[in-house]
Structure formats: C-alpha cells, structure tokens
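Chemist: Structure incoming, see below.
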Amino acid sequence: MNPQCARCGKVVYPTEKVNCLDKYWHKGCFHCEVCKMALNMNNYKGYEKKPYCNAHYPKQSFTTVADTPENLRLKQQSELQSQVKYKRDFEESKGRGFSIVTDTPELQRLKRTQEQISNVKYHEDFEKTKGRGFTPVVDDPVTERVRKSTQVVSDAAYKGVQPHVVEMDRRPGIIVAPVLPGAYQQSHSQGYGYMHQTSVSSMRSMQPPAHLRTYRAMYDYSAQDEDEVSFRDGDYIVNVQPIDDGWMYGTVQRTGRTGMLPANYIEFVN
C-alpha cells in the first residue's frame with residue numbers, strides 16, 4: 001500500500017516519492033516551511049522533522065542568566081563546599097607520603113621493564129660476589145624469572161661475538177675451538193694455541209641454538225623506551241628470544257640494533 005504525503009495528505013506513488021525525516025513526501029511538496037523553495041536530499045536541513053532551506057533554518061538561541069543575589073549565593077555556597085571537601089581529602093592523605101597516580105597501561109609496561117632491569121642487575125651483582133660465601137636460596141618463581149632474564153642477556157652477548165668466530169672458521173678444515181677465559185689465559189701463558197682438524201659434523205655442532213629464531217615484522221613500530229628497538233613492516237628480526245608474555249628480545253637485521261620488541265608485531269618465518 002502506498003503511503004500518504006506528509007504535507008498534502010495525498011497518496012505518494014513510487015515515481016515521485018521522497019523518503020526523508022521519517023516521512024514520505026511528493027517531490028513538489030518537499031519544500032522549505034518558510035519560503036517554499038523546492039528542496040532535495042542535498043540541500044535541505046531538518047528541524048523538528050520539517051524541511052528548511054539554509055537561509056531559514058531555525059537558529060538555536062541561548063538565554064543569558066543574570067547574576068541574581070540567589071545565584072550568587074548558590075555559587076558561593078558551592079565554592080565553600082568544594083574547599084571543605086578539598087581540605088578533608090588533604091587531611092586524610094597527609095602523612096601517607098605518596099600521591100595517587102592512575103595505573104595506566106603505559107605505567108604498567110614501564111613498571112615491568114624496570115623490574116626486569118632490576119632483576120638482571122641484581123643477578124649480575126650476585127654473580128660477581130659468588131664464591132665469597134653464600135646462603136642457600138629456595139628456587140621460587142622470582143628466582144626463575146631472574147635466571148631467564150640473565151640467560152637472554154648472556155645469549156645476546158654471545159651473539160655479539162659469534163660473527164668473529166665464523167670468520168675465523170672459514171679456513172678449510174681448521175677451526176679454533178671455543179675455550180673459557182681462564183683456559184685461554186693459561187694456554188696463552190704457555191705459549192701455544194689450541195687448534196685441531198675437524199669434520200663437517202663438527203662444524204654443524206657450532207651452529208646457533210635452535211631457540212634463536214628469525215621473525216618478520218608485520219607492522220611498523222617506534223621504540224617507546226631506551227631498551228626497545230624500532231623496525232618497519234617487512235624487516236627481519238634475528239636471534240629472537242621470548243622474555244615474558246607479550247615481549248621478545250632480538251636484533252633488527254636491517255639496522256643491527258638489539259633490544260626488546262612487542263611479540264604481536266612480528267611473525268615466525270623459520
């Protein structure tokens with residue numbers, strides 16, 4: 001059944017129907033309420049479900065309220081109540097020695113980063129004092145996390161010197177076996193190096209550990225902190241190791257920079 005026109009009340013057929021302002025109109029009946037100018041869907045303005053042209057569109061006016069004695073009294077009373085509440089809150093928080101800060105996601109991320117750095121520094125100091133006498137410590141989750149963070153830093157330091165070992169190993173049939181610093185000093189003092197022939201299977205044993213994986217960046221990322229790295233979409237991230245939920249540690253192959261990066265920005269490629 002065909003609807004009726006909102007202005008003239010007659011039946012509106014599909015060939016001349018205009019559906020606007022939740023009503024149906026004839027094309028000839030869809031005009032400004034004031035000047036009767038014909039309107040269309042591109043130049044009309046609706047006010048209280050009636051069409052208007054741009055010139056006669058009702059302007060909303062604001063009424064200025066005078067500062068009467070009653071309004072001034074209410075304003076002064078509100079200010080006094082605000083001062084009383086502020087003083088009461090100040091007295092309650094006095095002596096606590098801290099300010100209440102909103103716990104935003106950015107502050108949470110910075111807090112986690114500072115905790116990781118503190119744990120790594122603590123473990124480094126512990127390693128320096130090892131052997132001078134120690135107290136047995138129970139393996140709790142915090143100690144496990146410290147050990148994991150230290151392993152990440154140690155692996156990163158190992159990757160930093162590994163290219164030099166590869167360059168030395170390019171001599172056919174000869175490699176320089178990795179030795180501990182103490183063993184190297186002892187050999188050097190005795191006046192001879194430590195070399196031997198090797199086979200292809202021995203060379204394979206010196207490849208990087210299986211957990212040092214390569215990833216590719218899916219998005220651009222700008223570093224938000226000193227211990228993070230920036231990368232672009234398509235960059236390859238090598239020697240990637242997980243740190244905790246949501247964060248990894250790796251080297252951007254294009255720039256050579258090493259640091260922390262978000263895990264949801266990269267994908268595994270090998």
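Cβ coordinates come from backbone N, Cα and C, glycine included.
Residues or ranges marked as domain 'LIM zinc-binding' by Swiss-Prot: 3-63. Taken from Swiss-Prot, the feature domain 'SH3' applies to 210-270, supported by sequence analysis. The omega-N-methylarginine annotation in Swiss-Prot covers Arg96, Arg132. The phosphothreonine annotation in Swiss-Prot covers Thr135, and the record cites a large-scale study or a structure entry as its basis. Residues or ranges marked as phosphoserine by Swiss-Prot on the basis of a large-scale study or a structure entry: Ser230. According to Swiss-Prot, the feature repeat 'Nebulin 1' maps to 61-95. Here Swiss-Prot flags 97-131 as repeat 'Nebulin 2'. Annotation comment: Swiss-Prot describes 133-159 as repeat 'Nebulin 3'.
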Chemist: At a 10 Å cut-off from the C-beta of Ser230 (phosphoserine), count the other C-beta atoms across all protein chains.
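Modeler: Here the count is 15.
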Chemist: Kindly report the helix/strand/coil residue split of the domain 'LIM zinc-binding' (3-63) according to DSSP, in that order.
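Modeler: So the domain 'LIM zinc-binding' (3-63) is made up of 3 helix, 18 strand, 40 coil.
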